[in-house]
Ligand code: CNA
């Protein structure tokens, strides 16, 4: 396993595995059957074109737009100690982010396509929006490293809370409480807050990238640990492709790292074109509903 350096690989150093460090070469490598166990690692950037802001982009990111919630600091909205005292800001945000309001993006469809073609080893996502599930990525292929809105429970006695009541509460911006007699604890979706353990599913799968034959990282600043370390678990000779607005996390330091800097939907469209599956990529998700459009 290679030591990450901070400066990009010297362009005059030839790649070991790929023909060159281009999207076309990555597509050819897949077409030739060399990549059959692809790990995909994503963050908020794959959902921004759906209308869900990321955290850290200046001006448009969630953290720079949380002032209206009167938080002591932006991250407090996902802080378990703060939630115990004041859960309202989180439920205000949950009202905006709750699954069902947004449609999957082209980037989500690309991941589903990899799965349909039996090329997806695992999707590691930091997102809580469930758009990968909605795009049709099978549940057993997804590791929601920071949890999601899919389930919810009492933060005290851990009793699961019914989904229909959760939906009602979120739509009315109410704070739901545990139904267990004598408990009445606060209910929270199974999203990992600061100060909470990552899900067991993450720990069970975190060494899987060691066995991958390709890694695609998209739409993440790779700043949150331990998720941020996942790409470094891939073997040195394994191509790692970064499709992101900016260079992040030491990607670009190995001989077979490929940087596709720009919008991730545009990046996966290029890759799909190289794979000859552009039409499949653009196929509607879940019937004829428009893609990536907010359903108010
Ligand atoms: P982040 O730290 O906000 O970084 C996002 C990254 O994506 C940045 O590097 C951006 O430059 C890049 N980016 C933004 N838009 C695009 C685009 N269209 N194309 C390509 N790149 C783009 O978000 P991370 O996911 O890295 O941080 C981890 C946090 C964010 C997790 O704990 C998540 O729960 C949390 N989050 C999730 C969602 C969601 O579920 N959709 C939304 C906001 C935050």
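Including glycine, each Cβ sits where the backbone N, Cα and C put it.
According to TrEMBL:
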{"type": "REGION", "residues": "1-20", "note": "region 'Disordered'"}
{"type": "DOMAIN", "residues": "16-284", "note": "domain 'Deacetylase sirtuin-type'"}
{"type": "ACT_SITE", "residues": "146", "note": "active site, proton acceptor"}
{"type": "BINDING", "residues": "154, 157, 178, 183", "note": "Zn(2+) binding site"}
Could you check the binding-site residues 154, 157 and say which one's CB has the most other CB atoms within 10 Å?
154
If you count the other Cβ atoms within 10 Å of each Cβ, which of the binding-site residues 178, 183 comes out on top?
178
List the Cα distance (Å, whole number) between residue 157 (Zn(2+) binding site) and the residue listed as 'active site, proton acceptor'.
21
Length of the line joining the Cα atoms of residue 146 (active site, proton acceptor) and residue 154 (Zn(2+) binding site), in Å:
17
I'd like to verify something. Among the recorded positions 146, 154, 157, 178, 183, which ones have a C-beta closer than 6 angstroms to some atom of ligand 1?
146
All-chain count of other Cβ atoms within 10 Å of residue 146 (active site, proton acceptor):
20
Starting from the Zn(2+) site formed by 154, 157, 178, 183, give every other residue of that chain whose CB sits within 8 Å of the mean position of their CB atoms, in sequence order.
153, 155, 156, 158, 159, 177, 179, 180, 184, 185, 187
What three-state class does DSSP give residue 157 (Zn(2+) binding site)?
coil
